[in-house]
Amino acid sequence: MKLAINGFGRIGRNVFKIAFERGIDIVAINDLTDPKTLAHLLKYDSTFGVYNKKVESRDGAIVVDGREIKIIAERDPKNLPWAKLGIDVVIESTGVFSSATSDKGGYLDHVNHAGAKKVILTVPAKDEIKTIVLGVNDHDINSDLKAVSNASCTTNCLAPLAKVLHESFGIEQGLMTTVHAYTNDQRILDLPHSDLRRARAAALSIIPTSTGAAKAVGLVLPELKGKLNGTSMRVPVPTGSIVDLTVQLKKKDVTKEEINSVLRKASETPELKGILGYTEDPIVSSDIKGNSHSSIVDGLETMVLENGFAKILSWYDNEFGYSTRVVDLAQKLVK
């Protein structure tokens, strides 16, 4: 597989490291930043530490352990040389091109104009597109798909959890809160932002904000469409988040032990192994930094009241876990 990455930010760099480790041929990176800066940010990471590879830069390229990766700086995806480079999959990780087409360019330009075979969005799409959450609706992957969304990191955490709960006990309705690490779509000091809460200093407050993650579960689990909603609390950590899911279950006499047993067993199935994790260790968010699971159930925090009213908490590394799924999806798309 020949891979290209469009946008070399937090997700783009993590995708690079995971793909590089698997021996995937990363042909090119498109980013408006110069190669020297891109190489430095790949090597030195405040969250995950120093990259254990030799990283250098040269004119128009970065070199990682002797392998040269072409650096392009093109604003319009229509003009990217994907056909010439023989690109199989583009990872669209700028966060900018979430519509198929627009005056500034769209994600389909990678395929329809630039000549790549397929494109994966690392954000929820703003229009109709196949959304895939691995472990949940992998069966929807087929060779005809040209563009897919890997959904959001929070949907990747929530959907496997909701799937297991719904199949085992039936979900009537539910509400989710993600206690989420801050991201680049917040200000580090008070500055204007279209979301006035995200305008406030990210490391100094708990910041309530919106998320479409719960509603998006309906895209990958149609039977739960309209049954889940949620919100987000951004907190002062750079990575490591947790979903707090409260559900009304159809099974009214369910117990904490039943829920935990079902989730633990599900985490060991071929379908969900490596995607859904389970722990009863008293962990904190820093303990799941660099964890490649989409969702790690915290069995100690499961609660049940009468009449099937339950709360389940599940951790996720919103950067590394999500980026791992992006690479998994790319490999599945070209099989």
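The backbone N, Cα and C atoms fix where each Cβ goes, glycine too.
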### Message
Of the candidates N184, N260, which one does Swiss-Prot list alongside R10, I11, D31, R75, T122, N318 as binding NAD(+)?
### Response
N184
### Message
For the D-glyceraldehyde 3-phosphate site that Swiss-Prot describes with S152, C153, T154, T183, R198, T211, G212, which of these is also annotated: R234, R264?
### Response
R234
### Message
Going by DSSP, is T122 (NAD(+) binding site) sitting in a helix, a strand, or coil?
### Response
coil
### Task
Tell me, if you would, which residue among T122, N318 (binding-site residues) has the fewest other CB atoms within 10 Å in the structure shown?
N318
#### Entry: Pairwise Cα distance maximum in Å, D-glyceraldehyde 3-phosphate-binding residues per record: S152, C153, T154, T183, R198, T211, G212, R234
18
